[in-house]
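Asks: One structure, pasted below without further comment.
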Amino acid sequence: MANAVQDFLQIIRVTFEPGYLTPRSLLVSGAALALLIRLVFKRPRPRYISNLDKVGRRVSSNTTARDEKWQYDIIIVGGGTSGCTLASRLSEDPNIRVLLLEAGGSGRALSDSRTPIGYGALFFSKYVYPFRTEPQAAANGKEKFWPRAKMLGGCSSINAQMAQYGAPGDFDQWASYAGDKSWAWSNFFRYFTKFEKFNPHPDYPLVDATVRGNSGPVNVGYFNTVTSASKAFVKACVEVNIPFTHDFNGPNGTLGVSRTVTYVDKKYRRVSSETAYLTPEVLARKNLTVAVNATVTRVLFETSEAGVPRAVGVEFANSDGSPRYQVRAKKEVIISGGAIHSPHILSLSGIGPAAHLQKHGIQVIKDLSGVGQNLVDHPVVDMYFKDKLNNSAKYLRPKSFLDRVKLTSAIVQYHILRIGGPLAMNFGESAAFIRSDDPHIFPSQIFPEKLLDSTSAKDSPDLELFCTPFAYKEHGRVFFDVDTFALHVYLLRPTSTGAVLLKSSNPWQLPSVNPNYLSTEEDVKKLVRGVRLCLQIARTKPLAPLLDHEFTRADLDHELHLKSDAELEALIRERVETVYHPTTTCRMGPNPENGDVVDSRLRVYGVEGLRVCDASIFPFIVSGHTAGACYAIAEKLADDMKAEYGSA
Ligand SMILES: Cc1cc2nc3c(=O)[nH]c(=O)nc-3n(C[C@H](O)[C@H](O)[C@H](O)COP(=O)(O)OP(=O)(O)OC[C@H]3O[C@@H](n4cnc5c(N)ncnc54)[C@H](O)[C@@H]3O)c2cc1C
């Protein structure tokens, strides 16, 4: 580009020398200026295909799906967190021809996706599947909003960007359940470091960067903006005996309180699986095709030589009523539609509980009782407080002239000065991971009841607390009219489980989702402990001066600490919401008769040529945030498959 600038200056110099100011010279300099602008602002164009005629065979056409043109070695269904990772890694082998089919479009240039604070604005847009749960019997019968992303990057394009990966014990538990040591933390850990590029920060010198990944495609670090209230939250947690930790993802496990590392890069932009893995260099590979606006409606099967159903391709379309297309997979189909869509796609394809499929008139290819079962999600309860210093980021939804001035300043800082500022906040800036049976935090004199231990190991947590720089309701649809601050607690290891079920055999009708929140007493009791702890934290020295505890308006929680356990339980049942982490609906495990859907190499039981790779395969939900494990399982599967195909 330096050359281009020099060339341009030379042209201008020459052009404006006396005697050179002619219409022609003006034309030349105009063209040079246009060229310079193009050079400066030119962004490499991603190579995504939205014309599906270029990807597959129209079902109505008279060509055959066996044409070489419509055949790929591996077809990946869903370009989400795991899907983009797989597509990128598998296509590193030039001998593997990969097709990635994604229902949505690109999130790369979508400002609300790339700006750390923007994701809430996408929840009620075309980029998100607008799920609502079934009425939650144990949560006052309410139907809860459940956003799942519909775009490349999947939920990594709309999530809160908190990079905590779970506890080491979680993966040891996976390994022991699946009967495969390769999932144990001591082995699986390397896939977290494979996807990660950890950016150390001088303010956090005690984080051991040598145990973090330093050359993966996914940038994680400290580039998000952190509010002073969030820093006070960390100190307040220490006051109630939660130990400070330097690194949630380090060798000492995940217990403790700290600032969260985030999936935000040094230009203050969200890092998604699309931006990290589908780089222009990757997209330039001849053996990788990425099709967007391509919703897969079913997997196609034939009978193998061994008389077993074999996945040989998929059918897909742009929308209901638009032409349908088919493509063939010479080697395998991998479903990466996420915890809701993967069991849905399997069910539509005839793989699931036989009676349920037959009820919807779907021909059974393989009776697998676990498809869609064991749905588990992290339920969260929010608490709202008045911000005493009137310093919150309420102005992001401006109501007054002053709000607009502040918002304009934030936009200038982020988009023009490029120094981050308030728009680089990710909301979940600090967090604490604790055990509900920790006697230092919950002394037995005050909390005598022994609750069921649902953690994965002695040093794994079952509660997470975090704060946000302002309060909201209904996933950001409703804001308060005063400056606020919020504390949140969620269950990391709930014992309540539910299911994803078909509503019909129409692939365009979203399935029913029912997490059965709070259907066990244990879950409610642990949340009561968590709420009590948050209310205590709000009144500790570091936080109390920031919160206006005299502001006892009914819609805020300054008097909640005075309530009985029964009253808190009622509040929890009223307020519980998703923290967006559904898993386990195509569980990895040893026994299909017991509800397991894939084996430890993620192959679907009872059929050939079909795998699942995304949050649905988690045998147990991790005690933390779920995106990291989705990256890591895809990194592992890509390595395993390349080894199987002799190309590792
Ligand atoms: C609002 C929100 C906040 C979150 N915050 C965090 C956080 O801070 N930290 C964290 O670690 N985790 C967070 N999570 C959870 C985490 O992002 C997800 O668990 C993870 O990204 C899921 O990855 P996946 O590969 O299983 O599915 P996804 O990433 O959801 O990918 C599924 C993809 O499949 C596509 N698809 C679906 N059906 C079809 C079809 N029929 N045909 C073709 N394509 C299809 C979808 O469009 C999507 O792109 C959050 C999630 C949400 C929604």
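Cβ coordinates come from backbone N, Cα and C, glycine included.
Because TrEMBL annotations are produced automatically, they should be read as predictions rather than curated entries.
Keep in mind that this is a model prediction, so the values were computed, not measured.
Pulled these from TrEMBL:
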type	residues	note
ACT_SITE	H581	active site, proton donor
ACT_SITE	H625	active site, proton acceptor
BINDING	T81, S82, V296	FAD binding site
DOMAIN	338-352	domain 'Glucose-methanol-choline oxidoreductase N-terminal'
Asks: Just checking a number: largest C-alpha distance across T81, S82, V296 for the FAD site, rounded to a whole Å.
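Replies: Max Cα-Cα spread across the FAD binders: 17 Å.
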Asks: Which entry in the list of binding-site residues, T81, S82, has its Cβ near the fewest other Cβ atoms, using 10 Å as the limit?
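Replies: Checked T81, S82; of these binding-site residues, fewest Cβ neighbours within 10 Å: T81.
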Asks: For H581 (active site, proton donor), which of these recorded positions sit within 10 Å, Cα to Cα: T81, S82, V296, H625?
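Replies: Near H581 (active site, proton donor), where near means Cα within 10 Å, the recorded positions are H625.
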Asks: Where T81 (FAD binding site) and the residue listed as 'active site, proton acceptor' are concerned, what is their Cα separation in Å, rounded?
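Replies: Given the Cα positions, T81 (FAD binding site) is 13 Å from the residue listed as 'active site, proton acceptor'.
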Asks: When you tally the Cβ atoms that lie within 10 Å of each candidate's Cβ, which of the active-site residues (H581, H625) has the highest tally?
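Replies: Per the Cβ count within 10 Å, the most buried is H625.
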Asks: For V296 (FAD binding site), list the number of other Cβ atoms lying within 10 Å of its Cβ atom.
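Replies: Looking across every protein chain shown, the total is 26.
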Asks: Please spell out the DSSP helix, strand and coil residue counts for the domain 'Glucose-methanol-choline oxidoreductase N-terminal' (338-352).
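Replies: Taking each residue of the domain 'Glucose-methanol-choline oxidoreductase N-terminal' (338-352) in turn, the totals are 11 helix, 2 strand, 2 coil.
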Asks: How many whole Å apart are the CA atoms of H625 (active site, proton acceptor) and V296 (FAD binding site)?
Replies: 27
Asks: Taking the domain 'Glucose-methanol-choline oxidoreductase N-terminal' (338-352) alone, what is its mean pLDDT?
Replies: 98
Asks: Which of the three DSSP-derived classes (helix, strand, coil) applies to T81 (FAD binding site)?
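Replies: DSSP assigns T81 (FAD binding site) to helix.
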